[in-house]
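J.: According to Swiss-Prot, the record shows the following:
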DOMAIN    53-238  domain 'BPL/LPL catalytic'
BINDING   Arg93, Gly94, Gly95, Gln96, Ile97, Thr98, Tyr99, His100, Ala165, Leu166, Gly167, Gly178, Leu179, Ser180  substrate binding site
SITE      Lys162  site 'Lowers pKa of active site Cys'
ACT_SITE  Cys196  active site, acyl-thioester intermediate
Amino acid sequence: MSVSPVSIVSTPVAVSASPAGAPVQPVTVRWRGREAYEASFDAMRAFTDTRTADTGDEIWVVEHPPVYTLGQAGDPAHLLVADSGVPLVKVDRGGQITYHGPGQIVVYLLLDLRRRKLMVRTLVTKIEEAVIETLAAYNLASVRKAGAPGIYVASGVHEGAKIAALGLKIRNGCSYHGLSLNVKMDLRPFLAINPCGYAGLETVDMASLAVAADWNDVAHTLVGRLIANLDGASAAADKPHALEQSND
């Protein structure tokens, strides 16, 4: 998350319940537009490091220029083409290597898990369910895979191909990083890596599955499902705006 591949890195913390009757604040959704990965990475770490018990939870929606990200225990050998021209950024999430680029929705979840009384595994399940429900809204069947967080095509010619990646970091009981969903993108950069550390893993987007979906429409559907799965509440107002999508 980056949006990011397949595992969760967690700093040990006791996940305790919020005080009895304490309301959970609504999630604020921030539509950050096209943004360099490093800018998002620095901003989410700063947000997490400076938040207090009263800081509201946020969901950031962004589209990145081409970039590979490698998890903190990732093996650089999974980058198969060293001179691809796509920059590589080492990050503090779990998992191996993944790719972000235009036409992909990246969502960062900046949540206080203790206040929400959420265990990490439950959060992962809620995120995966939101992606599955979003794809179902476009008549695409998708599934989880045991031991490999992310979402995969359920049937057809591309059965087993990965369409969404997931990777989180938990610090002081709060999450950052998040998920990516491939809508309509140039998939060739995935051929220069072992996606999420799996040699030969096929990666697809919604366009590969004959769905001509608009990036903004899918993003709004996905955010709606995430918020509904987290707490059923409405997001705090931060007016969404259309992003300019590149077909590069």
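Using N, Cα and C of the backbone, Cβ positions are placed for all residues, glycine too.
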J.: If one measures from the C-alpha of Gly95 (substrate binding site) to the C-alpha of Cys196 (active site, acyl-thioester intermediate), what distance in angstrom results, rounded to a whole number?
T.: 6
J.: In whole Å, note down how far the CA of the residue listed as 'active site, acyl-thioester intermediate' lies from the CA of Ile97 (substrate binding site).
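T.: Ile97 (substrate binding site) and the residue listed as 'active site, acyl-thioester intermediate' have their Cα atoms 5 Å apart.
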J.: Tell me whether Gly95 (substrate binding site) sits in a helix, a strand or coil according to DSSP.
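T.: Assignment for Gly95 (substrate binding site) reads coil.
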J.: Work through the recorded positions one by one (Ala165, Cys196) and point out the residue whose CB has the fewest other CB atoms within 10 angstroms.
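T.: Minimum Cβ neighbour count within 10 Å, taken over the recorded positions Ala165, Cys196, occurs at Cys196.
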J.: List nothing but the one residue from Arg93, Lys162 whose Cβ has the fewest other Cβ atoms within 10 Å; the candidates are the recorded positions.
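T.: Counting other Cβ atoms within 10 Å of each of the recorded positions Arg93, Lys162, the minimum falls on Lys162.
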J.: Please find, for Arg93, Gly94, Gly95, Gln96, Ile97, Thr98, Tyr99, His100, Ala165, Leu166, Gly167, Gly178, Leu179, Ser180 as listed binding substrate, the greatest distance between any two Cα atoms, in Å.
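T.: The two farthest binding residues have Cα atoms 16 Å apart.
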J.: Reported as an integer number of Å, what is the Cα distance between Lys162 (site 'Lowers pKa of active site Cys') and Arg93 (substrate binding site)?
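T.: Taking the Cα atoms only, Lys162 (site 'Lowers pKa of active site Cys') lies 19 Å from Arg93 (substrate binding site).
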J.: Per-residue pLDDT averaged over the domain 'BPL/LPL catalytic' (53-238) comes to what?
T.: 91
